[in-house]
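Undergrad: Below: one structure in structure tokens.
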Amino acid sequence: MTVQTWTFLIVGLTFALYIAIAIWARAGSTHEFYTAGGGVHPIANGMATAADWMSAASFISMAGIISFAGYDGSVYLMGWTGGYVLLALLLAPYLRKFGKFTVPDFIGDRYYSNTARTVAVVCAIVVSFTYVAGQMRGVGLVFSRFLEVEINTGVYIGTAIVFFYAIIGGMKGITYTQVAQYCVLIFAFMVPAIFISLNMTGEIIPQLGFIGEMSDGSGMSLLDKLDGLHRELGFEEYTNGTKSTIDVFAITFALMAGTAGLPHVIVRFFTVPKVKDARISAGWALLFIAILYTTAPAIAAFARTNLIDTMHNQPYSEMPEWFKKWEETGLIAFTDKNADGLITYGPGAMTDATTANEVYIDNDIMVLANPEIAGLPDWVIALVAAGALAAALSTAAGLLLVISTAISRDLMRMQVKPDMSEKEELWWARGGAAGAVIIAAYFGINPPGFVAATVALAFGLAAASFFPAIVLGIFDKRMNREGAISGMVIGILLMFGYMAVFKLGWFVDEVPPSSSWWFGISPEGFGTVAMMVNLVVAATVSRMTSPPPAAVQSIVEDIRIPKGAGAAIDH
Amino acid sequence: MPTPTNENQSIRTAYWRENLTYLVVLLFVWFIVSYGCGILFVDQLNNFRIGGAKLGFWFAQQGSIYVFVGLIFIYVWLMNRLDKKYGFEE
């Protein structure tokens, strides 16, 4: 069988599985639609959270980014896992005890204000849309690369699948499909990693291969060899960074706080029966995520070494088949600047005539082409396609649910039409999900130019708005409406303004150079500063205005005690 | 919800205090393994090695993540014990 046949077969089978699960687990009530009826087992919820969290970017791009960034890539590894510690210790158990359906629900009730609720709804929708557009694009890319269909056709197919199971199944359908998707994606990620680790270091566990010796008989450790290759080619050593310490610090913190504040992740902890389950399922979630996140840096190092070895100073005419194949898709490019027929690899852009570097390599190729580079069987290549699709679809579905809930519950039920029947609310939820899928598909087909930039914005926004508002709502009984709203609004505006100027170059003639960054902090790390400002503003304003009403203070008392969470209570 | 009696209130306060102590200790470890070992002191730790990797680099790309997972499970264990001690378990 060819790679193409294998891919159709494996992708087709996994899609059939997702649809079957969606039909089996369709939602009959708003309670099931929003929180899967609150009866999900903590381990299942851990898997679902892991799939929800690990997007097309985690699966396809992260190892590639680390591969090129070396030590600097650590910000993603620590940032996107360390956030779960904050989530488990500071948010999940208390929000579960609070027992409502959404993050804006908490903000609205805790700060006894529909203004606060609306600010939270807007943040939730903005954050989720920026994220979901990237997922639909990811689906399209995987289809186009592996099944040789148009990117847009890929987006349509992906949209149809998500449309089907998010709308029928709600949170219940999504949860159980995500469990299946986690299994598919982790298997697809690990199989090539294990093969390559065996090839290069003789270790079956990639995490051990990462710190192991090369099996080429040189007796050199993998990372030492890679550092050596980097020095030889004129790059900074792989294990040393180029970013400033303060920037690495700020980016890591913004990613952690942002992770803990992302509504589609938080809402997963409303689906388990008890406070105790919310705590442990955060542990399972991080364990399942850590399997991929500790393998990714190993893949990054293997792939980097492999790539340099295969390519550098080798004749272009003797490049293996995969090189030519990926050249056609534009993910690899070669210009023979010195016309010696050999490939010269080094720092700088290929297009820049002043550097010796003659190749361009896209980040994404490290995971997508890895099986071919390592000469693995065709079914492994097909598996990677199915895994990437599982990662993209599961995240997209989780995000769409947040958007639909924000519309049906936080806007319609809580603000516009409080007396509607449950059946009507469910229709709004389904309609909201349908609308959101279509808009997401539109962005997938016509990606706005700022999509790449906005992923950092999504984390920065979550860090600057939700995270402080929720943590203060739990840990500071004196925090009131005025403090929380002013903190959130100023935090978001500051983050957005910095991003607009320093990342997108709005309001100025050109994007300012890194030397003009405030405190030397990049837009990616600025969420940390915006979050601090939010905290200071919230604390100051709340102390100058009247304390929250007694009823709200007793809510705070109540969420601190785990007993009596029961099912999520409607109204 | 019944009005909390004074005794009830002092139990709740004591529970919350112990909870906060756990949080401070666990978050201190969380900070040290990531921001400490992986970022601020990475160069010093890179003078040591674990297997074929520099220690600071290893903390940034592997070690901190293992500790994070451990921290959550330790937290769960501590809190379950605390809930039982104060009769707040379900």
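Including glycine, each Cβ sits where the backbone N, Cα and C put it.
Feature table excerpt (TrEMBL):
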TRANSMEM  A:6-25  transmembrane segment
TRANSMEM  A:77-95  transmembrane segment
TRANSMEM  A:116-133  transmembrane segment
TRANSMEM  A:153-170  transmembrane segment
TRANSMEM  A:182-200  transmembrane segment
TRANSMEM  A:248-270  transmembrane segment
TRANSMEM  A:282-303  transmembrane segment
TRANSMEM  A:379-407  transmembrane segment
TRANSMEM  A:427-445  transmembrane segment
TRANSMEM  A:451-475  transmembrane segment
TRANSMEM  A:487-505  transmembrane segment
TRANSMEM  A:517-537  transmembrane segment
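Can you tell me where each of these features sits in this structure?
TA: Under 8 Å from some Cβ of the transmembrane segment (A:6-25) lie the Cβ atoms of residues 146-147, 161, 164-165, 168-169, 172-173, 175-177, 180-181, 184, 378-379, 381-383, 385-386, 389-390, 393, all in the same chain and six or more residues away from its ends.
For the transmembrane segment (A:77-95), the list of distant contacts is 53, 58, 66, 103, 106, 251-260, 265-266, 269-270, 275, 278-279, 281-283, 285-286, 289-290, 293, 296-297, 467, 470-471, 474-475, 559-560, 562: same-chain residues at least six beyond its ends, Cβ to Cβ under 8 Å.
Counting only same-chain residues 6+ beyond the ends of the transmembrane segment (A:153-170), those with a CB under 8 A from a CB of the stretch are 15, 18-19, 21-23, 25-27, 32-34, 36, 136-137, 139-144, 147, 176-177, 389, 392-393, 396-397, 400-401, 404, 429-430, 433-434, 437-438, 440-441, 444-445.
Using a Cβ-Cβ cut-off under 8 Å and counting only residues 6 or more beyond its ends in the same chain, the transmembrane segment (A:427-445) has close neighbours at 30, 33-34, 129, 132-133, 135-137, 139-140, 151-152, 155-156, 158-159, 162-163, 166-167, 170, 396, 399-401, 403-409, 412-413, 420, 451.
If you look at the transmembrane segment (A:517-537), the same-chain residues 6 or more away from its ends with a CB under 8 A from one of its CBs are 243-244, 246-247, 249-255, 257-258, 453, 456, 459-465, 467-469, 472, 483, 486-488, 490-492, 494-495, 498-499, 502-503.
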Undergrad: Let me check one thing: do the transmembrane segment (A:282-303) and the transmembrane segment (A:182-200) come into contact, meaning three or more Cβ pairs under 8 Å with sequence separation of at least 6?
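TA: Contact confirmed: at least 3 Cβ pairs fall under 8 Å.
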Undergrad: Where else in the chain does the transmembrane segment (A:379-407) make close Cβ contacts, counting only residues six or more beyond its ends and a cut-off under 8 Å?
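TA: Residues packing against the transmembrane segment (A:379-407) from afar: 3, 6-7, 9-11, 14, 18, 34, 51-56, 58-60, 101-102, 104, 121, 124-125, 128-129, 131-132, 135-136, 138-139, 142-143, 145-147, 158, 161-162, 165-166, 170-171, 174, 177-178, 180-182, 184-189, 191-192, 195, 263-265, 267-268, 367-368, 370-372, 428-433, 435-437, 440.
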Undergrad: By a Cβ-Cβ criterion of under 8 Å, what residues six or more beyond either terminus of the transmembrane segment (A:248-270) are in contact with it?
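TA: For the transmembrane segment (A:248-270), the list is 34-35, 38, 45, 48-49, 52-53, 72, 74-76, 78-80, 82-84, 86-87, 90-92, 95-96, 99-103, 124, 127-128, 131, 171, 175, 241, 278, 281-282, 285, 395, 398-399, 401-402, 405, 458-463, 465-467, 470, 519, 521-522, 524-529, 531, 568.
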